[in-house]
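Copied over from TrEMBL, here are the features:
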- 1-26: signal peptide (SIGNAL)
- His64: active site (ACT_SITE)
- Glu118: active site (ACT_SITE)
- His122: active site (ACT_SITE)
Amino acid sequence: MMKSSNLVYLLSQIFVFQQLAVLCVSQDFDFFYFVQQWPGSYCDTKQSCCYPTTGKPAADFGIHGLWPNYNDGSYPSNCDNSNQFDPSSISSIKRQMQSEWPTLACPSGDGNKFWGHEWNKHGTCSEDILDQPGYFQAALKLKQQTDLLNVLQNAGINPDGKFYSITSITKAIRDSTGFTPGLECNVDASGNTQLYQIYICVDTSGTNLIECPLLPRGKCSSRIEFPIF
């Protein structure tokens with residue numbers, strides 16, 4: 001029978017290994033996907049949407065998330081259950097978050113549930129690089145840096161319900177950022193394929209744009225609708 005002292009030692013070692021495993025997972029990724037979504041496409045589906053409690057968001061791309069990823073397309077998630085989202089950590093930027101990172105899920109909310117999901121699932125996997133306020137601030141800076149709606153409008157691509165080629169959308173963003181984006185589409189209530197999300201790749205510091213090691217499969221046709229919001 002194992003002595004109690006040996007059992008205590010064994011349990012302590014198991015605890016140490018578990019903590020090291022969490023630490024390694026939170027550091028172990030190759031790049032970020034910075035994902036922005038078009039609210040018109042989120043809402044123009046059979047599922048529809050609910051505006052946040054602060055009111056209808058601006059007709060602009062909203063942040064979906066900043067997601068640690070591996071080069072093979074897989075990704076870590078929920079890396080630290082002991083470091084869950086704390087709304088007070090972003091109190092100083094909450095107004096900007098509500099503007100730039102609005103929730104459209106039903107029922108209507110103030111954003112905390114959405115942001116909490118993003119931090120708990122994705123942010124904890126980069127917590128040794130970006131703490132909670134740093135994670136959200138990094139995403140806000142990336143949105144300002146990429147300025148997707150302005151980039152597309154300058155190329156004559158407007159959210160007017162018309163159809164545009166995937167090639168022209170990709171080229172406009174690549175010409176502005178220097179890197180090829182990933183595009184994701186969904187389908188509206190009439191069955192039209194529409195521009196839903198744009199993926200930009202970022203290095204592990206969360207600050208520098210890079211060429212994507214792997215582009216997501218976006219299920220887009222050659223011409224897609226850019227719906228009104």
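Heads up, the Cβ atoms here are built off N, Cα and C, so glycines get one too.
Heads up, TrEMBL stuff is auto-annotated, nobody curated it.
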His64 (active site) to Glu118 (active site) - Cα separation in whole Å: 8
Tertiary neighbours of Glu118 (active site) (same chain, Cβ under 8 Å, six or more apart): His64, Gly65, Leu66
Residues satisfying Cβ distance under 8 Å from His122 (active site), sequence separation of at least 6: Gly65, Leu66, Trp67, Pro68, Tyr75, Ser77
Protein Cβ atoms within 10 Å of His64 (active site), excluding its own: 21
